[in-house]
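Listed features, source TrEMBL:
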- B:Thr194: active site, nucleophile (ACT_SITE)
- B:Thr157, B:Lys183, B:Thr194, B:Glu284, B:Asn407, B:Ser412: substrate binding site (BINDING)
Protein chains: 2
Amino acid sequence: MATAVSPLAVALPDLPPLAGVRLSSAAAGIRYQGRTDVVMMEVAPGSTVAGVFTSNKCPGAPIDWCRAALAGGRARMVVVNAGNANVFTGKAGRDACAATADAAAQLARCEPQQVFVASTGVIGEVLPHQKLVAALPGLHADLRADSWEAAARGIMTTDTFPKASTRLAQIGGAPVRITGIAKGSGMIAPDMATMLCFVFTDAKIPAEALQAMLAAGVEGSFNCTTVDSDTSTSDTVLLVATGQAQHPEIPAAAEARATMLADFAGALNDVLLDLALQVIRDGEGAQKLVRIDVTGAASDPSAKRIALAVANSPLVKTAIAGEDANWGRIVMAVGKAGEPADRDALSVGVGGVWMARNGAVIPGYDEAPVVAHMKGREVGIAIDIGLGQGKATVWTCDLTHGYIDINGSYRS
Amino acid sequence: MATAVSPLAVALPDLPPLAGVRLSSAAAGIRYQGRTDVVMMEVAPGSTVAGVFTSNKCPGAPIDWCRAALAGGRARMVVVNAGNANVFTGKAGRDACAATADAAAQLARCEPQQVFVASTGVIGEVLPHQKLVAALPGLHADLRADSWEAAARGIMTTDTFPKASTRLAQIGGAPVRITGIAKGSGMIAPDMATMLCFVFTDAKIPAEALQAMLAAGVEGSFNCTTVDSDTSTSDTVLLVATGQAQHPEIPAAAEARATMLADFAGALNDVLLDLALQVIRDGEGAQKLVRIDVTGAASDPSAKRIALAVANSPLVKTAIAGEDANWGRIVMAVGKAGEPADRDALSVGVGGVWMARNGAVIPGYDEAPVVAHMKGREVGIAIDIGLGQGKATVWTCDLTHGYIDINGSYRS
């Protein structure tokens, strides 16, 4: 689909090589023509791996495969295809995963359980995995340490720009790098945002420590974003540590480990949030990035549920598309969340200006900065529930004609 | 807003007088110009009343007023205005309700607590109730038994056609009539569909029996419909019994009462479902009416939650707008509901044709009737979960450019 690049797009950062990771991409013609659609990411022997997957009860076959493979805690290869999600494909779907992993494992000289597969695209069509398998030898021969951008492009579906993020961190005074790529644009809702995300580090970190940091990082990033409330069947975030960097060994004791990994965990969270916000910036039809801060709720989880009710409200999202600071619809969405809320204690602000306080509009509040704010690309909504100390921040985008165009056309 | 009449519109039925009810409407200029926007409905002394209201935690001032008034179980008058919802208006909103009820009570020579008020329209703007109060004497002088259509028109906001329904029933062999009018188009979601609905009968039924029948009827009608998942702050369904018909007295004993009211309750359910579906047919931007039948779920409530997840999925609704029988998105929506579901036991059908069974597409299923069905105005989706005996039916509409047009323009 020829769609203009999102007006919220950000430029791809420089992505230097990361020790122990090589990547390649190719055009296997699985669905798209004239573009790359399969990506191989090979990591050094001994790499550890963590993963977080969709909460959807009807997940794709690759999710089942990865969950089982994750039990080993080791990865050598990740193989991704775009255009066909291999979801609701029954035995054919399971066979496709196994055949892909077997073929990739032969090339990497590893067990199939060290190959992770991910698929994104249309649901319910059998994946022609013969095409995928046939592309693997060429992909393997093409593996290079500097192919990050091509990999980020090769996993795109309705995405209008490639997404990547990289940070330096230190472990015990030694530098390590974290680099991730992601794709996602629609079918984006928490648990998780509909997307694929592959993050790599050259640090040497045990799988269980990776898993704990990844789960916490996803909760504060992808699970705080929504485009359309629709939870994909294919959401996957993998975090792979190649162990190629030279740094002091991670201690086994929990407290000492946490101290040594504190900077790393912070940088990981940065990478995950950066990628999650890039996905929202590429939300189908998005014209505005919206940040919703809820304070004063009964608890943090309550604040998050309220914030997501606002973020998922079609009436709030269309109002933002119309550049209308319609705080009445925000009040409606707060109320529909079903969380503790007292209408007469509620305050709503937009762009740093409180418009309503304690259950009624503020007479004579200054509309001019609000109007100007609504015309911008980034909209901030503040909601104070006035009951307690709970707070949360979520991000979404507006709901526009572009979303209907993209999703109302035949079998996008 | 000049919007074309919904292609799903149905004609207003003949609405004969109902003993004990008189209606009138007028143009008070509260928000709209050149159309009626206030409606008065007067009922005979001794009329009983039941009500069901929004579950939104930030309800409008009229909801608070009606809930308190309902404790008395008696009604003499209902006053409705369109264009301003009197929501999130603080003390001014409470004062507006009291002033309106006081003025109407003087005209009807009753207690203010026998006056029910309802408002629909924009949220957060103070209701200029002086205009409403000033219109009351004229409305009172104009009351007539045959003004049903004008009343149905006077409560409209973004509605594109007036909504009414009438049925005859019998109580102890004697005929009674049930007639209702409703408005609603957007901000429609269960608990309840965003709408106002006023139902009258000439039967003589105690308030507590009315309340039980109304609550059950709303659960099977308005609470099974959704346009956009947004729950209004103003949802109101009132049921008033004028007691003017001649029929045997309703017995006090529960079993005998239920037997005598069985036919009435069935007719009431018909009226409520008819009105609820008219609201969906007028869903903002709706081009297709969609019925979703879920069977084989773990329980009836589980089936309803799954059906609503499908009905509220933007990706399913845009696919229907695009006339795409995209059962993959239906599978996604089933899975995101979080209810018990086994992907490999799931079946999905459209227009009476099963397309996927036991977790995979049915090879060579007949696409032609499915394609033809999707081009029609009424779309039926069948989902069998394959786990148990739970079932539910919900109705929704498609999500189109029209919805964005209506809600993305300034302060609709």
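Just so it is clear, glycine is given a Cβ too, placed from its N, Cα and C backbone atoms.
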B:Thr157 (substrate binding site) CB neighbourhood, other CB atoms within 10 A: 23
Proximal but sequence-remote residues of the same chain as B:Asn407 (substrate binding site) (Cβ under 8 Å, at least 6 apart): B:Gly186, B:Glu284
Number of other Cβ atoms within 10 Å of the Cβ of B:Glu284 (substrate binding site) across all protein chains: 29
Structural state of B:Asn407 (substrate binding site), classified by DSSP into three states: helix
Listed in sequence order, residues with CB under 8 A of B:Lys183 (substrate binding site) and six or more positions away: B:Ala82, B:Thr120, B:Ala152, B:Ile155, B:Met156, B:Thr157, B:Asp159, B:Lys163, B:Met195, B:Leu196, B:Cys197, B:Val279
Three-state secondary structure, which DSSP defines for B:Lys183 (substrate binding site): strand
Listed binding-site residues (B:Thr157, B:Lys183, B:Glu284, B:Asn407) that sit near chain A [CB under 8 A]: B:Asn407
In three-state DSSP terms, the structure that B:Glu284 (substrate binding site) belongs to: coil
